[in-house]
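Per TrEMBL, these features apply:
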type	residues	note
BINDING	6-19, GLY102, ASN152, ARG177	ATP binding site
Amino acid sequence: MRIGIVAEFNPLHSGHRYLIECARKIADENNGEVICVMSEFFTQRGEVAIVDGYTRAREAIRSGCDMVIALPYLGSVAYGDDFAKKSIEILFGAGITHLIFGTENDDVSIFNKIYTKQQKTTEENYKKLLKSGLNHAKINSILYGFENNNPNFSLAYSYYKAIREAGLEIQMIPIKREGQGLNSTKMSDQVHLSATSIRNNIADEKIEKYLSNEMLRDLKKEKIASETELFPYLKYKILSLGKSGIEKIYDVNEGLENRIYKAAIKAESYSDLVKLIATKRYSNKKIQRVLLHVLTNTTKEDYKKYFSSNNFRVLAVKKDRSAIIREINKVGKIKLHPLLNSKNSMSFEQDIKVARIYELLFNNKDIFRENIQIMN
């Protein structure tokens, strides 16, 4: 048995540890392993990772994972289906037999009902709702009964869809979430706080009970990154690219380049920029992802070139499980590497570029030059 986890761990908190503990318990009972695929520099919401991937990967290993593989930028900063598709592709290539995930609704059968509804929905009906100004999340809620646009539920369904459409034999293990929802921003006395709440209240001593001593130490030691610091670089990039350059950026369509360019002229902060571009149809999350693609100069051609790569990097592995890497490279459908180096794979060029931009937030610390961490 090999259990997979898809995560961001931004940062890794008590709710994540509970999920890992559940996976660890099942794996140990079946002489298995726990493998995680994790976003590294930026997140699916288009936000800057609070600390670097190596720091978060170390915490994942300490919490019970056997290995952490980096999810490439184009998989990390993607809408739900692409995020899930790339994550599942990596985990299946690494030989997982089961996928464990947290969700408010632990009834997997509901995913099959939604999938059946989707197959019966015509593209014409979907486009009609898009033209009315609704975004994809709202349309999914209306057509398929998604639970109040709950992000955990939506992602869980995306995992199911990715597994089913690829015809993979992966068993899903839902773990009912306790505590706050994924995007909750308020402090409370819940069993588990959301990662968003922890990030927004990082200076509050109350968060200490939700984080390990090691994670607290790392958060206090490292500079805390924020997308607000990207604003001057982003504004310069938008104005220098111009409308014609922005149009070539991945996920920019239907005249969005005009809104981005006009907003950059007026905006005085990152939050201003997002608000000026966002509409009923284009959510803040969508805009934040697009802005990262602008900043990293990720074009539509880059997406075609790099998204399908089967070369990936290991961030951390337990010493007594390091043989997993050789096994996967010998018989698996993916290739794992210890370094983010274009000599290992040309497909790493995109992530090297992204890493360099991420490093601007950490006083040019050479994050991407770090090697795989082998931990006891």
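Cβ atoms are placed via backbone N, Cα and C, with glycine included.
Any TrEMBL annotation is an automated prediction that lacks curation.
What you are looking at is a predicted structure, and each value in this text was computed from that prediction instead of being measured.
When other Cβ atoms within 10 Å of the Cβ of TYR18 (ATP binding site) are tallied across all protein chains shown, the result is 18. The number of other CB atoms found within 10 A of the CB of LEU12 (ATP binding site), across every protein chain shown, is 30.
For PHE9 (ATP binding site), other Cβ atoms within 10 Å of its Cβ number 27.
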